[in-house]
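> The signal peptide annotation in TrEMBL covers 1-19. Summarising the annotation, TrEMBL assigns ATP binding site to Gly105, Trp106, Thr107, Gly108, Thr109, Gly110, Lys111, Ser112. Annotation source TrEMBL lists domain 'Torsin-1A C-terminal' at 276-330.
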Amino acid sequence: MKLLNAAVFLILLPTLTPALDPLSTSIFMGSAAVAWQLLSPHSWLKCSLLECCNMKDTLNLSAIKMDLEQKVFGQHLAIQIVLRALSANMYSNRPRKPLVMSFHGWTGTGKSFVSSIIAENLYQLKIPRRRFVHHFSTALHFPHLSHVHLYQEQLQNWIRGNVSACPRSLFIFSEMDQMPHGLIDSIMPFLDYREEIDGVYYGKAIFLFLNNAGGDKITEIALDYWRRLKRREDIPVKKLQSVLSEEIFRNRNSGFFHSQLIQKNLIDYFIPFLPLEYKHVRECVREELRVQGHPEDEDLISEIALAMIDYPSEERLYSSKGCKTVASRVTLIT
């Protein structure tokens, strides 16, 4: 109705302006143009000043590729798969199903960081679309096992309502290893191959699941390659993905334990985050020094990185906490 009123107003505008002086006319016309832009649901001005869901906005793949390659260390496999998955989804005018990715690995390996980079780059305009990025923390949003049925209904309603408002919505589920069994299966209909559900199209939505579950298995495979003098870059992606899907399906400490999402192959990509070696932690320390405004001190970088390499106890090849405590360590020492 607002748009209709605005349209009528602009049609009548030429008949109203002759009575005004040139300056008033210019101001009047300018105000009308601004009003029209703000009333339009996907105008460039409205999207610049306010949050809006503009279906013309798509992921800037070159920008996200640069962010991932420059800011995420030691995760060539994850970066490779994420870019391929996003590219396939974004270049399809009408994807057959939502993009569903499950991130697996030890804490501090970059799962949350990569998901935040995706969220920040989801639209070409550099205005955060916080209304359309939905982050669920198991400990915060689903704390009580006895309330699973209530959570299922709330989650369905939340996803349905937000995708109705913005088809290109992003849903991030962290701490999946703590999620009550059966809860995540409640969103299965939204992730399936369907044209629409009750008039709502879900194919442009993106779902990210963040898991510590499977991290030990990934580390075990990476360590085996190292002991056999093979490069981590040579670990086949398909092998890791297959191992991950089986591992989390059978793991009682996984939110995907006996999940229908896995049984029905609705998770498009199981993405492994490898354990971080000394050289990767060094890069994390270097970046943190830069962020905190300190000069690069190679001795300090080595000191912090060496102190964090603690697994396995014999070889001390990996950091069991990844880069998670780098920021606090840099703050403490500098």
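Using N, Cα and C of the backbone, Cβ positions are placed for all residues, glycine too.
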> Relative to the Cβ position of Trp106 (ATP binding site), how many further Cβ atoms are located within 10 Å?
24
> Which chain-mates of Gly110 (ATP binding site) that are at least 6 residues away have a CB under 8 A from its CB, listed by sequence?
Val72, Phe73, Gly74, Gln75, Ala78, Phe273, Gly322, Cys323
> Which chain neighbours of the ATP site, leaving out Gly105, Trp106, Thr107, Gly108, Thr109, Gly110, Lys111, Ser112, have a Cβ atom within 8 Å of the mean position of the site's Cβ atoms?
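My list of surrounding residues reads Phe103, Phe113, Asn212, Gly215, Phe273, Gly322, Lys324.
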> Over the domain 'Torsin-1A C-terminal' (276-330), what is the model's average pLDDT?
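The average pLDDT of the model in the domain 'Torsin-1A C-terminal' (276-330) works out to 96.
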> DSSP helix, strand and coil counts for the domain 'Torsin-1A C-terminal' (276-330)?
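Helix, strand and coil residues of the domain 'Torsin-1A C-terminal' (276-330) number 30 helix, 5 strand, 20 coil.
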> By a simple count of other Cβ atoms within 10 Å, which of Gly105, Gly108, the binding-site residues in the record, is least packed?
Gly108
> Rank the binding-site residues Thr107, Thr109, Ser112 by the number of other Cβ atoms within 10 Å of each Cβ and report the first-ranked residue.
Thr109
> Tell me, how many other CB atoms lie within 10 A of the CB of Lys111 (ATP binding site), whichever protein chain they belong to?
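Excluding its own Cβ, the number within 10 Å is 27.
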